[in-house]
Amino acid sequence: MKAIIAATILGVIMMFSSILMKDKKAIITIAALLLAVLLGVNIWDVMATKKGSNFTFLFNNMILISREGLWFNMLMTGCTFLYVLLSGKDIARVGTHTAEYFALIFFILTGVYLLSSYNNLLILFIGIEILSIPQYILAGSDKKNLKSSEAALKYFLMGAFTTGILMMGVTLLYGSTGTFELTRMDFIHQSSVNGMSLAGIIFLIIAFGFKVSAAPMHTWTPDVYDGAPTPFTAFMATIVKSAAFYAFIRLFQNTFGGISNHWTIVLSIITALTLFIGNLTAVFQQSVKRMLAYSSIAQAGFMLFAILSNNAVASQGIIIYAVAYSVATIGMFAVLMKLKDYTYDGFNGLAKKEPVLAFVTTIFLLSLAGIPLTGGFMAKYFVLQAAIMQGQLFWLVIFALLMAAISAYYYFRVIIAMYFKQGNPELHEPLSSGDKFMLALTCVLVVLIGIAPQLFLASI
Amino acid sequence: MNFLLLAAEQNTPFNYLPIALQLLIAVGFVGIMMGATHLLGPKRRTKDKLINFESGIPSVGNARQPMSVKYFLVAILFVLFDVEVIFFYPYAVNFRELGQEGFLAVLMFVGFFLCGFIYILKKGALKWED
């Protein structure tokens, strides 16, 4: 609650800082400081609610504050903090409006906080819009680059269209249940489980599927992630996607969980398609950035398991997955931003030239592939365990494991290029010791999630 | 015309026929008139007749040049104030019932709104000469 207000006000302060100062370094420092303040407010929020306490309702039951949601907010703000520390310099390099980019990131965080605490379908709608609109701007922030503009326009048009579908779903649900409020929306009475409400749920699946880039609603992802400036791709693929997933699971587990037999089959087909398309297409990519875009589709397939399995392990799993995936991907993109050439050949011989960079990249990629002792393994373990506990998804789990094996191929290709091929990779600027420290810290975090995942779930 | 009057007494799609006829005649009349004048009128297409009329002075350059009217910015600023007014109407109607809390909420809304406005002014949105 405090965090929602703080994020908005800090965003406005950030926006005004562009008028007061022109120095990019100072702006990055201010952004990092304000994010630290926001992280502090989030921690305060978590501390203020007791462990195991009930929900608090605010604003005529429009917002529901739960400790789990606050904990998720805190983790995501932490990831954003890490992201700004890692790639603040690269954000400043995108264009002239540095302070505005950071301000938009604060506004996106407001959307994230709303999505983790909505109790009303209208707040869900507003949250998704607050989350999306700054992204359209960020995707097109490299104004002179044609690909960036294309990405922004494509994302905007598709996003606006999906918003329509979301709204339609909300309307149908309102029509059949007579309320926007999630805690009052019950499907116990047979009368509210009819064609209208089921169509509404399907519409919501499509809209959420678009936001989290699940196949067959994934077609925008490669172009937008590839075209948008790399620092913003890193943000869109991690924190934003995780927030969309958290909103997704909150709605489908708490509200539609009772009638899961009606939508499980649709969602499991979507999951299978997402895993299949994401992993197979990633194999054929030549550019690492585009490969990461497809890999983010593939990872979304795994996160969909949490929504499918509809139990307590799943809601822990989505948090672990969100953190593990976000940290590793932020790290991977930070490495990518240091290089000039985004193709696999651009990584040739990196181990000889920058051993530290190559080593951390290896850890990030191992985590994304889900190798034990890294965060990615624990994340996959949690969601797949949840799916097995659900009981009817065994076929899908086996399919997912096969797909995870395929994903090892394209992740390891980068490692092979770095360690076993000859070449002279070009960097934008030599690594500073600060960069090295931050990358090492990210690396430690990735391993920490893999060794002690309970640390990230401890106080729910 | 008897069948038309008969149809009008019952409530069927058929009693919209007079409207359809009216529409057909209206569109047809316009179409025929425009087509006829176009076909019948005399035409002399000389080079001098086809150039743009600029008060008898020989025209200079091309009329189709891009020029910045900052239309987009004007439009966005308009939408900004438009939305503000849209929020004010329902507030004005419920002014008494909402009381102090409502007043504070609207004050906050205007405050945020002004923040945006000051920001865009400081960024030079209304400095049009460049």
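Including glycine, each Cβ sits where the backbone N, Cα and C put it.
TrEMBL annotations:
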type     : residues  : note
DOMAIN   : A:119-404 : domain 'NADH:quinone oxidoreductase/Mrp antiporter transmembrane'
TRANSMEM : A:64-86   : transmembrane segment
TRANSMEM : A:151-175 : transmembrane segment
TRANSMEM : A:187-210 : transmembrane segment
TRANSMEM : A:231-251 : transmembrane segment
TRANSMEM : A:263-284 : transmembrane segment
TRANSMEM : A:291-312 : transmembrane segment
TRANSMEM : A:318-336 : transmembrane segment
TRANSMEM : A:356-373 : transmembrane segment
TRANSMEM : A:393-412 : transmembrane segment
TRANSMEM : A:437-457 : transmembrane segment
#### Entry: Positions on the same chain near the transmembrane segment (A:231-251), where near means CB under 8 A and six or more residues out
69, 72, 76, 79-80, 83, 87, 90-91, 94, 101, 105, 108-109, 111-112, 115-116, 118, 124, 127-128, 131, 135, 138-139, 141, 182, 204, 208, 211-213, 224-225, 289, 292-293, 296, 300, 303, 306-307, 314-315, 318-319, 321-323, 325-326, 329-330, 333-334, 337
### Query
Based on Cβ pairs under 8 Å, which of the stretches A:187-210, A:318-336, A:356-373, A:437-457 lies most in contact with the transmembrane segment (A:263-284)?
A:187-210
### Task
Could you tell me what the rest of the chain brings near the transmembrane segment (A:187-210), counting residues at least six beyond its ends with Cβ under 8 Å?
128, 158-159, 162-163, 165-166, 168-173, 175-177, 217, 220, 244, 247-248, 251, 256, 258-259, 262-263, 266-267, 270
### Query
Does the transmembrane segment (A:291-312) make contact with the transmembrane segment (A:318-336) through 3 or more Cβ pairs under 8 Å, each pair 6 or more apart in sequence?
yes
### Query
Counting only pairs at least 6 apart in sequence, do the transmembrane segment (A:393-412) and the transmembrane segment (A:437-457) share 3+ Cβ pairs under 8 Å?
no
